[in-house]
Amino acid sequence: MDKGLHFTICVVTTVLLLRESSQAGEENDAEVLAAPKSGFGTDSRGAAEGLPTLTVTTILEDPYVMVRGAELEGYCMDLLGALAGMLRFQYRVKVVGDGQYGAVAAGGNWTGMIGEILRREADIAVAPLTVTSAREEVVSFTTPFLQTGIGILLRKDTASQDISFFHFLSPFSKETWTALLFAYLLTCFCLFLVARLSPCEWNEPKNEENHFTFLNSLWFGAGALALQGATPRPQALSVRVIAVVWWLFTLALLAAYIANFTALLSSGSEQLPIQTFEDLVKQRNLEFGTLEGSSTFYYFKNSKNPIHQMIYEYMEKRREHVLVKTYQEAVQRVMDSNYAFIGESISQDLAAARHCNLVRAPEVIGARGFGIATTQASPWTKPLSIAVLKLRESGDLDYLRNKWWESSCLRQSRERWGPLEPPALGGLFLTLGIGLALGVLAALAELSSSSRRTATHAKKSCCSVFTEEICTRLRIKGTARQSQEPSGKANA
């Protein structure tokens, strides 16, 4: 009995010990997957856990990497944390010493983050580092985690044109105004035609005056455009159908015009005179430049495009005056002087979102991407690329983009509030066309019904009476003159 009790106690004790060790192992696994971030500088955390520790070089640039107290935060820091959790490594972050991205110096050595990787001062570079052929020859890049291009950042008051004398026409394009004029004339003609054909509107053509003349029809349509009532008032169903459809058309059209015109006035963003890089070269009011030693500078240097060569020659001759050291300096210079900054379009979009007086020109050239740089033949290159692809497929990269590129400026840009083209109002014009067709058909039905009754009483063919009615109504002006001339002679 004592042996059985002793055996039971041993079994229970063993089970409890195994359970506690299992729970402790799960907690350790959770801590490993969390991959705690390192502080600002070269401090390393969690190195005693046995995971590999990577030295990460980066550069301070909003919103990629920013200093908040004693910590670093931003898009790249969130990305680095996600990668560390997926690949299970520790890291320590250091800001690049010379504040450069990476370019070939006069002696053939590389500067910036590329140089630190080549000198084995860092294992990887997680920053807005553009993938270029020159850099790819000395280091390895992962799959790009952000796509971008080269754009032009301008200040609105230096880039906008004077308000045109016919600025009130801006909400609609030329094609829309032409379509509107055609719709107005067609509707007025249909009103005039249907009012003449409908016996409910004009019962006795020979003895009664028709109020819906063509001029009166034009006045009726213009009154509807101004949301004002105008005479004559329609009586026949067919005329009223056309009138109601035209009223609905003008109501929707005026709502679109007022909304678009209000947005154009509130935004103050006129058609930019600098739409392309060719426009930038031709103008003489703005200086322009880019980051010194950046991939953008070397893009224009190596390009065979004549316009790009002119831009490079301009920047090379005035490099001491137009090239800037940092992105923050470039944005500040654009806001303070007549200066246009040529750089990464994705960073310019952020500047335009946070500074309401800045705008990016429409043209973007040189599609490129930001990648993570590693040493050549590094065992981390492929795993990092696969991890970046997984983050993109899961939507985490889009989440980070929306998180750090959130706009604090509610601006109405020209790209959003441009002139309305005819396709945008296609349904409105289609509705008007259907209404006009229904009105004409209703007028013909009314005239046909009246002709059928007249033919029954006069014992004539319905087709002949219908034809006579149409001819009488369409030629009533000449008939009236002929009937008035004999009466005038008789009176004389």
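Cβ coordinates are placed from backbone N, Cα and C, and glycine is handled just like the others.
Curation does not apply to TrEMBL; its annotations are automatic.
Copied over from TrEMBL, here are the features:
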- 1-24: signal peptide (SIGNAL)
- 53-407: domain 'Ionotropic glutamate receptor C-terminal' (DOMAIN)
- 63-119: domain 'Ionotropic glutamate receptor L-glutamate and glycine-binding' (DOMAIN)
- PRO128, THR130, ARG135, SER295, THR296, GLU344: L-glutamate binding site (BINDING)
- 177-198: transmembrane segment (TRANSMEM)
- 239-259: transmembrane segment (TRANSMEM)
- ILE274: site 'Crucial to convey clamshell closure to channel opening' (SITE)
- LYS301: site 'Interaction with the cone snail toxin Con-ikot-ikot' (SITE)
- CYS356-CYS409: disulfide bond (DISULFID)
- LYS390: site 'Interaction with the cone snail toxin Con-ikot-ikot' (SITE)
- 424-445: transmembrane segment (TRANSMEM)
Cβ contacts under 8 Å made by the transmembrane segment (177-198) with residues that lie 6+ beyond its boundaries: 169, 210-214, 217-218, 220-222, 225, 234, 236-239, 242-243, 246, 249, 253, 422, 425, 429, 432, 436, 439-440, 442-444, 446-447, 470, 473-474, 476
On the 0 to 100 scale, where does the mean pLDDT of the domain 'Ionotropic glutamate receptor L-glutamate and glycine-binding' (63-119) fall? 91
Per-state residue totals over the domain 'Ionotropic glutamate receptor L-glutamate and glycine-binding' (63-119) - DSSP helix, strand, coil: 20 helix, 15 strand, 22 coil
May I ask which of the recorded positions PRO128, ARG135, ILE274, LYS301 is closest to CYS356 (disulfide bond) if we compare their C-alpha atoms? ILE274
Within the chain of GLU344 (L-glutamate binding site), which residues six or more apart in sequence place their C-beta under 8 angstroms from its C-beta? PRO128, THR130, THR148, GLY149, ILE150, GLY151, THR296
How big is the gap, in Å, between the Cα of LYS301 (site 'Interaction with the cone snail toxin Con-ikot-ikot') and that of ILE274 (site 'Crucial to convey clamshell closure to channel opening'), rounded to a whole number? 22
Cα of ARG135 (L-glutamate binding site) to Cα of LYS390 (site 'Interaction with the cone snail toxin Con-ikot-ikot'): how many Å, rounded? 25
Same chain only, sequence gap of 6 or more: which residues have a CB within under 8 Å of the CB of SER295 (L-glutamate binding site)? TYR101, THR130, THR132, ARG135, ARG368
